[in-house]
Amino acid sequence: MALLLRLLPLALALALGPPAAQAGPARSPYQLVLQHSRLRGRQHGPNVCAVQKLIGTNKKYFTNCKQWYQRKICGKSTVISYECCPGYEKVPGEKGCPAALPLSNLYETLGVVGSTTTQLYTDRTEKLRPEMEGPGSFTIFAPSNEAWASLPAEVLDSLVSNVNIELLNALRYHMVNRRVLTDELKHGTALTSMYQNSDIQIHHYPNGIVTVNCARLLKADHHATNGVVHLIDRVISTISNNIQQIIEIEDTFETLRAAVAASGLNTLLEGDGQFTLLAPTNEAFEKIPAATLNRILGDPGALKDLLNNHILKSAMCAEAIVAGLSVETLQGTTLDVGCSGDMLTINGKAIISNKDILATNGVIHYIDELLIPDSAKTLFELAAESDVSTAIDLFTQAGFSTHLSGSERLTLLAPLNSVFKDGSPRVDARMKNLLRNHMVKDQLASKYLYHGQTLETLGGKKLRVFVYRNSLCIENSCIAAHDKRGRYGTLFTIDRMLTPPVGTVMDVLKGDNRFRMLVAAIQTAGLTEMLNREGVYTVFAPTDEAFQAMPPGELNKLLGNAKELASILKYHIGDEILVSGGIEALVRLKSLQGDKLEVSSKNNVVSVNKEPVAEADIMATNGVVYAISTVLQPPANRPQERGDELADSALEIFKQASAFSRGHTSVKLAPVYQRLLERMKH
C-alpha cells in the first residue's frame with residue numbers, strides 16, 4: 001500500500017501529460033527565460049539553472065536563447081555559471097539541487113535568498129520583525145546585500161539614524177500587503193505599498209526582465225509561510241512627482257521647460273500614463289546652431305515634432321536594456337536604444353548622462369544631445385545627413401538656397417555624390433535651368449507615387465513617374481534611398497541627373513545627326529505620325545553606322561519595301577516606356593511588330609537581344625530612345641530561328657500523329673517516322 005501511495009502522483013502526472021500540454025495561463029516573459037535557463041542547466045542535475053555572469057562583476061542574468069549564444073550583455077562578455085534555480089537547494093552527495101528550500105516565514109526567508117542586510121535593518125526597527133514572522137500574507141521586494149552597500153553614505157546615515165521612522169518607512173515601502181507572484185507583475189502596472197499606500201511601479205519586459213521602480217528583479221518567487229520574497233538589485237524610494245513637475249524643478253531643464261510650455265505638451269507630461277522622456281539638458285540645446293534652434297522654437301509644428309521625438313510610448317528602465325532594440329516615439333519615429341557596459345546609447349551614441357529618474361507617470365533619462373526628427377528639419381538640414389553634398393553645392397551656387405531653407409512645399413530630387421565622380425559641372429544658365437527642374441512643386445512621398453503620374457517642376461516641366469517591379473523612377477532617374485520628409489520639403493535621393501524630355505521621339509531623332517538614315521526610313525515606312533503623337537514607346541534606334549554595316553543588297557532591299565521596312569522598324573519599338581533603371585536581369589518587352597525584345601542589364605550595360613546599347617535613356621515626351629549599333633532582326637527573319645520554328649512545327653505534327661495512332665490501334669506510324677520522332681525529342 002505504501003508503494004502504491006508513492007506511485008500515485010507519478011501515475012496522475014502521466015495521465016495528465018506534461019505541464020506544457022495542460023491548460024493554464026500563458027507563461028510570462030520572466031517565466032519563459034527562467035525555463036530556458038533550466039533547460040540549459042539540466043545536464044548538471046535537477047533544478048539547476050544556467051546564468052550568465054558579467055566578467056569582473058557580480059551581475060547575473062537569466063537569459064533567452066539569443067543572448068545565450070551571443071554570450072554578451074550590453075556588449076560585455078559573460079561566463080556561464082550553474083546554480084540552484086529559485087526555491088531549491090543542494091543536498092550533500094546528490095547531483096543538482098534536488099531539495100526544495102524549507103518553507104519559513106518572511107524574516108527567515110530573507111536570509112536564505114541573500115538579503116541578510118534587510119534582515120539586519122528589520123531587526124533594528126521595533127515593529128517590522130514581528131510582522132514578518134507573524135501571520136498574514138505579504139510580498140517584500142528585498143534589496144540584495146550589494147544594493148544596500150551601494151547606497152550613498154549620507155542616505156544610509158539618514159535611514160539608520162532614525163530607525164523607527166525613516167528606516168521603517170523605507171522598508172515598508174518595499175512591501176505589499178498581499179502575496180504577488182511574477183505572473184501578476186504586469187508591465188506598466190502599479191502595486192500599493194505598505195507605506196502610506198504609495199505606488200510601486202512594475203515593468204515586465206519581453207526579454208524577461210522585471211523591474212520594480214527600475215530596480216531589476218534578481219530572483220523571484222521565493223515562497224514563505226506568510227508571503228513571498230523577490231530579490232532586487234537596488235534600494236527603491238518613493239515617487240512623488242510627475243514628469244512635468246521634475247522638469248519644473250530641475251535647473252538643467254530651463255530650455256526644455258520653455259519648449260514644453262510653448263508646445264503645449266505639459267498637459268501630457270503631467271497626466272496619467274507611463275512614458276519615457278529622453279530629456280535634453282540645457283547643454284544639448286546649446287550644441288545646435290542658434291539659427292536652427294530659433295527656427296524650431298519659433299515654429300509650433302516643428303517644436304512639437306521635436307519634443308515628441310524625445311518621448312517613448314512606454315516606460316523604459318535602463319536595467320531592461322541588455323542588447324539593442326528599436327523603440328517607437330510619440331512622433332512615430334524609431335530610435336535604436338542600446339547599451340555599452342553601464343552606458344545607455346541612443347542611435348549608437350552614448351548621450352545619456354543620468355538615467356532612471358522616476359516619475360509617477362514614467363521615467364526620465366537626461367541626454368546631452370538633441371534628437372531632431374526629419375519632420376523638424378529643412379531640406380538643407382536633411383541633405384547634410386545624406387550622400388548628396390555635391391548636388392546641394394550646385395543648388396547653392398545656382399542661387400536656390402531660399403527654396404531649400406524656407407517654408408515652400410516642394411520635393412527635391414538630389415543626385416548622389418557618385419553621379420559626379422568625374423567632377424562637378426559648371427553652373428551656367430543651362431545648368432540652372434536643369435537644377436530648377438530637379439525641384440518638384442508640392443511635398444511628396446514616394447509611397448504615394450503611381451505609374452503614369454505627372455509632376456510639375458519649378459522650371460515648368462512635366463515629369464513622368466514610372467513604377468517597375470524593383471524600381472521607382474522619375475524620367476530617367478530612379479530613387480536610390482528612402483525619402484527624407486522634412487518640415488516643408490521632402491528629399492528624394494536619385495541615381496543620376498534627371499533629363500526632362502524636350503520633344504517627341506521624332507523630334508529627338510531628327511535633332512540627333514546619328515539617326516539621319518533612321519529618320520528617312522521612318523518616313524518611308526509611314527511611321528512619322530505615330531512617333532509624333534502621344535504615346536508610350538521605347539525605341540531602340542539604330543544609328544547610321546548600324547544601317548551602313550548591313551550588306552548593301554540587303555539594305556537596299558529593305559529600304560525599297562515599305563511594308564517590310566515598317567515591320568522591321570516596329571520590331572525596334574516597345575509598347576511601353578522602359579528606362580534603364582527599371583531593367584532587371586532580363587525583361588521581355590513586347591514590340592509593336594508583335595515579337596518580344598529581350599532587354600537586359602549587367603554591370604550598368606544595357607543590352608537588347610544581347611547587343612549592347614550605345615546610349616540609354618534619351619527621354620522624349622512620348623517615350624524613351626536607346627541608341628544601338630545594330631539593326632535588330634525579328635525572330636522570323638533569323639535563319640537559325642526559322643529552322644528552329646520548322647523543327648518545332650514538325651515535332652508537334654509528329655506528336656499529334658503519334659497520339660492519333662495510339663487511339664486507333666489499326667493505324668501504325670511507319671518505322672522511319674517513329675525513329676525521326678524519337679530523334680527530334682532528344
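From the backbone N, Cα and C atoms, a Cβ is placed for every residue, glycine too.
Annotation comment: TrEMBL describes 45-99 as domain 'EMI'. Here TrEMBL flags 103-236, 240-371, 375-498, 502-632 as domain 'FAS1'. Taken from TrEMBL, the feature signal peptide covers 1-23.
For the domain 'FAS1' (502-632), the DSSP counts in helix, strand and coil order read 50 helix, 41 strand, 40 coil. Proximity of the domain 'FAS1' (240-371) to the domain 'FAS1' (502-632) is not established, fewer than 3 Cβ-Cβ distances being under 8 Å for residue pairs spaced 6 or more apart.
Taken residue by residue, the domain 'FAS1' (103-236) breaks down under DSSP into 50 helix, 38 strand, 46 coil. Counting residues per DSSP class in helix, strand and coil order gives 49 helix, 39 strand, 44 coil for the domain 'FAS1' (240-371).
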